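> Quick paste of what Swiss-Prot says about this protein:
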{"type": "ACT_SITE", "residues": "Arg730", "note": "active site"}
{"type": "ACT_SITE", "residues": "Ser755", "note": "active site"}
{"type": "ACT_SITE", "residues": "Glu795", "note": "active site"}
{"type": "BINDING", "residues": "687-699, 730-733, Glu750, Glu795", "note": "NAD(+) binding site"}
{"type": "COMPBIAS", "residues": "443-457", "note": "compositional bias 'Pro residues'"}
{"type": "COMPBIAS", "residues": "468-491", "note": "compositional bias 'Pro residues'"}
{"type": "COMPBIAS", "residues": "560-579", "note": "compositional bias 'Low complexity'"}
{"type": "COMPBIAS", "residues": "580-589", "note": "compositional bias 'Pro residues'"}
{"type": "COMPBIAS", "residues": "590-599", "note": "compositional bias 'Low complexity'"}
{"type": "COMPBIAS", "residues": "656-670", "note": "compositional bias 'Basic and acidic residues'"}
{"type": "DOMAIN", "residues": "650-825", "note": "domain 'TR mART core'"}
{"type": "REGION", "residues": "435-673", "note": "region 'Disordered'"}
Amino acid sequence: MAPLACDPTALDHAGATVVAAGESLGSVISTLTAALAGTSGMAGDDPVGAALGRRYDGAAAKLIQAMADTRNGLCSIGDGVRMSAHNYAVAEAMSDLAGRASALPAPQVTGPLTVGAPPSAVGHGSGAPAGWGWVAPSIGMIWPTGDSAKLRAAAAAWATAGANFMAAETAAGGGTMAAIGAQQIPEGAAINKALADASSATADVARQCQTIAAQLNSYAAKVDQVHAAILDLLSRICDPLTGIKEVWDLLTDEDEDEIKKIADDIRTVVDNFGREADTLGGQIEATVSAVAAATENMSHWAGKEWDHFLHGTPVGRALNQVGQAFKGVGEEGWGFLKGLYEVSPNRMLLDPVGYGKTMAGMVEGAGTLVGLGPDGVPGAFDAWKALGKDVTHWDEWGSNPAEALGKSTFDVATLALPGGPLSKLGKFGHSAADALKGLKKPPGVPKPPEVKPPAAPKAPDSGQPAPSGKPGPVAPSGKPAPGPADGPLPHSPTESKPPAGGTPPAAEPPKPTAAPHSGEPKPIATPPESVGKPVTPAPAEGAPAQPHEPVSARVPPTVPAADTPAPSAPAASMSAASGPPMPPTPSLPEPASLPSGPSGDLPAETPPTAGIPHSGEPSAPSSVPPHFPDTPTHGLGDGGAHGPPESDPKNANGHGPHDASLDSGSDHHLPLHPLDSDDLAALAHYTGPGYQELNFALREGALDVSQQARVDALQKALEKLPVYEGAVVRGTNLPADVLEQYRPGEVITEAAFTSTSTDHTVAQSSAFAGNTEFRIWSTTGRDVSSVSMYPDEKEILFPAGSKFYVVSKTVDPQTGRTIIEMIER
């Protein structure tokens, strides 16, 4: 568990700063609504203006609601930070036996801000000039009544609100996140993620305010243009402002054709204006969808409720006891419903066999309680005594009296009801008899199969010298040989993993070329620890070293491969229980730089969960060293969670960290969608030997056709795996120039795949620690632990091209490590 280090006062101050920033956003909203109050009817009531005005009304209402949700969400986040500080202060005060520490007062929850819709833009704006009456009958429409002055006033109000909205939140953002990042608390990453969400929502809202302002200014300009064009056309037949026609027109009355021509020109101008306004209305509607996303994100935080601890108070203790009692009632209530079904007529019709067995068990159990049980069963008194303990939950009163009280109360109340305790006499009777006779014993471990020891070596004939340098086959110890003190560290689950061929599974046993001598027993491997565990095979000649074994620790045997007896493979050792063994499949070849014995070109066996790699995939480069270098060259480092943790190579099930078996009983998440052979091959290749080659090519931007195909296959497989949302950690070594690139407030794009782990303890151990520790809040990372070659590492893998927002960058004064906190974008 990570250490706790919290300054409640500093944390409370940071929360108060966030609340103040939220309240300042409320002031911006109030100023905006006041400015918009005088813009009613600015779009006009003509067909074009009314259509655009209705679109504006919907967008403006959504945008103001998004502003209110952002304000309420930011205040709620601040309240949560202050409540967290209060809880830590209470815990610190309760742990101070001297009574010197004082708790912070519980903060007041900030009330939500409610806003109404702005005034409608649809209404009578500007009036038509007097000369409009000469052409109105020929046009068939009313004067465009939009008021450009009101439109520009509304645009200025929106632009000012957007700028002030962004400035108010930014003023408190960076310093607050830095203050919270300095606290070593479990919820630190979640708080910073919430603040990042608020910052993103604020930026979206401010951007949409500027968009609305630009659209209103554009419409105001179009209104002015159409008004000017119409007045210019009207001036050809009359004074547009007075409507008085020329004298010759009154005398000759030959202006009707001219008026119709002018009316047609005005209709063309108005039609063009309508099309432009319709396009502008579509842009305003697009604003609504962008605003809805920000509203949905921040309304989640606005609806949060924050409570403070009741521990150590009489009210808290009383509520805890009541809750435990109701928990017991609920558990027994569920059992009551199940018992009611078991003795119901419906079950008799649906499951007559099961119903008959239940009733027979009740009769037999009742006989035990009245002393009519089979021979060797305890008497009636002892049976009733055991039954009473079951009904009253006697053994649970010492550990959880409140829950035991709830269970006992429910059982006593439903004692004689169908489905109650008396309906379970068969079960209780058998339980009492078994308990009193000591029949309930833990299942025994099956006896391992008897294995004959290897026969003693045959004595040489007289006159022949005894062969020297021919040691017999040695059974493996089941544990990897320890590496040298100055050798490389074990593969870190958050840093680097072995290259191709560096951590192969057990090698396939060599097959003898000649039949063994008759009468000689065949040496075999050490017997398994228990039934169901695979026998650890002896490593093949020339096989590469195990993860914790240096290359120099391997001594090639001197016995020829033809005379070496084949050890039992893991699949063969389980053949009696699980069917015929799976045939071994060849894995990637061993690096050329490693020494090999006579049988060094024998193929290695692929682990059960590794899948079958693509045929024709290129092998790992022969120049790769047996251990990946500690210092990566780019980005987060080339490491992944691909190496055994610093612990006993064998876990409780007898499997080593590399013995990934589907029946290992591990608690990993299953894939969301079925994985085909291509998916398994891609995952096995990456979590095994192929990560280094792919990541190097991705960072250099030099993927060949084969590598691109493997990257695409891995990306496709990751999409089928479950998403992990939560904190992950990664340890690595970064050079100073790469470390300098991680600056708070910037977004880092990782071109390669990024491996992390959920096991914080293993990642921070001395064996795996580098000079840098990344603490990342994952939102779309994929849990590959169920299909990894090393499932114990609990790996969370981010796809290539993932983006991370750098929240903070600090140096741990105790360890000297750089701690970088990031949020996946």
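Even glycines carry a Cβ here, placed using N, Cα and C.
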> Roughly how many Å separate the Cα of Thr732 (NAD(+) binding site) from that of Ser755 (active site), to the nearest whole number?
11
> Name the one residue among Arg730, Ser755, Glu795 whose Cα is closest in three-dimensional space to that of Phe696 (NAD(+) binding site); these are the active-site residues.
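Closest candidate to Phe696 (NAD(+) binding site), judged by Cα separation, is Ser755.
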> If you measure C-alpha to C-alpha, which of Gly690, Glu693, Arg699, Arg730, Glu795 (recorded positions) come within 10 angstroms of Ser755 (active site)?
Arg730, Glu795
> For the recorded positions listed here, Glu693, Glu795, which shows the highest count of neighbouring CB atoms within 10 A?
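Of Glu693, Glu795, the one with the most crowded Cβ is Glu795.
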> Can you check what DSSP calls Phe696 (NAD(+) binding site), collapsed to helix, strand or coil?
helix
> For Thr687 (NAD(+) binding site), what is the secondary structure state per DSSP, taken as helix, strand or coil?
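For Thr687 (NAD(+) binding site) - judged by DSSP and reduced to three states - the answer is helix.
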> May I ask for the distance between Thr687 (NAD(+) binding site) and Glu795 (active site), taken between their Cα atoms and rounded to an integer number of Å?
9
> Grab the pLDDT values for the domain 'TR mART core' (650-825) and give me their mean, rounded.
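Over the domain 'TR mART core' (650-825), the predicted model scores a mean pLDDT of 81.
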> Within 10 Å of the Cβ of Phe696 (NAD(+) binding site), how many other Cβ atoms are there?
17
> Measuring Cα to Cα, tell me the gap between Arg730 (active site) and Gly690 (NAD(+) binding site) in whole angstrom.
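Per the Cα atoms, Arg730 (active site) and Gly690 (NAD(+) binding site) stand 19 Å apart.
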> Looking only at Thr687, Gly690, Arg699, Thr732, Ser755, which of these recorded positions has the biggest number of Cβ atoms within 10 Å around its Cβ?
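In terms of Cβ crowding, the pick is Ser755.
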> I need the CA-to-CA distance for Glu795 (active site) versus Arg699 (NAD(+) binding site), whole Å please.
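One finds 21 Å between the Cα atoms of these residues.
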